[in-house]
Amino acid sequence: MPRPIQATIHTAALQQNLARARAAAPDARVWAVVKANAYGHGIERAFEGLRGADGFALLDLGEAERVRQLGWRGPILLLEGVFEPRDLELCSRLSLWHAVHCDEQIDWLSAHKTHAPHRVFLKMNSGMNRLGFPPARYRAAWARLNALPQVDEISFMTHFSDADGPRGIAHQIDAFCTATQDLPGERTVSNSAATLRHAGGDARVRGDWVRAGIVLYGSAADHPEHTAAHWGLAPTMTLSARIIGTQQLQAGDTVGYGSSFTADRPMTIGVVACGYADGYPRHAPTGTPVLVNGVRTRTVGRVSMDMITVDLTPLHEAGVEAGVGSEATLWGRASCGAVLCIDEVAQAAGTVGYELMCALAPRVPVVVD
């Protein structure tokens, strides 16, 4: 039989989270961000749950081609624009909208021969200092684009660095609005955190489009200040495996490589068929939460390439049977309906839910429900 591990993508949860993003930004259209292969979910697997969006935003032409092959005829936005001049031809052929964030991209457009003018999103560096024109140069970049016959329509975009934290977005939205004042065109500024935390009461933050990313996949961008449940989000990916062995420990016995865990009393542990080669974080410490048969317990010892060890004592003390064949939910929704949010696992491992989703290994079988 196949190794007993599986990831499940939940279509209804994707639909629920998309509806939640839309409700948080009334009157704005929603980009479903599917970069990084839909945050590890798989573009093809996530498409049915996200096809109610107004457009798809992604990174490269390969992802754009895949979305078109799925039958999508609506807007597609390249969030980082094109990477070389010849990409513009495929943008024309696939009717892609694309960001413009540097002078070189404007140069490529000006030299491009096309019969289908381009829809571009001029990106401002309003304070994050990654991509985009700084406010002092933004209008000059707009003027260059506006003079090009290759450009049909110019929209405006920026990206917030601190929408999920106490610093907030005021300094960036003010800079953006000042630089774009009176310029004609649509605006998109909000990522997931800004959409949930700031868009409801400020039309400037809602803009014409919001870019829903991690919110679609059931993770809270501002965890642990707020949980996914607080925002009404449902888990869209479940990683589950089976217990393939058990051991009875006595006080003083150690577990795993490096003997990093020592039992302080008699206890039962289960060996789960999941390890860092499956995408589970190797640096997750003892105490990282896990569900066994829907009951919350913890990992013990180091994560191995193919196995994790978990404490079964709390289940036995509660009168819940657990042993070989029992279900272990590493994150997501257990068969009984109990939920372990991916953000909790990520926090214990010192990372974020985004990384765990994107790290799901190719060897893990994936099903869609």
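Using the three backbone atoms N, Cα and C, a Cβ is placed for every residue, glycine included.
According to Swiss-Prot, the feature active site, proton acceptor maps to LYS35 (among others). A sphere of 10 angstroms centred on the C-beta of LYS35 (active site, proton acceptor) encloses 18 other C-beta atoms.
Per Swiss-Prot, active site, proton acceptor is recorded for TYR257 (among others). According to DSSP, TYR257 (active site, proton acceptor) sits within a helical segment.
The annotation substrate binding site is assigned in Swiss-Prot to ARG130, MET305. In sequence order, HIS159 are the residues of the chain that are 6 or more apart from ARG130 (substrate binding site) and have a CB within less than 8 Å of its CB.
Summarising the annotation, Swiss-Prot assigns N6-(pyridoxal phosphate)lysine to LYS35 and lists sequence analysis as the type of evidence. In the three-state DSSP scheme, LYS35 (active site, proton acceptor) falls into the helix class.
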Handout entry: Count of other CB atoms lying within 10 Å of the CB belonging to TYR257 (active site, proton acceptor)
Key = 11
Handout entry: Sequence-distant neighbours of MET305 (substrate binding site) in its chain (C-beta under 8 A, six or more apart)
Key = GLY275, TYR276, ALA277
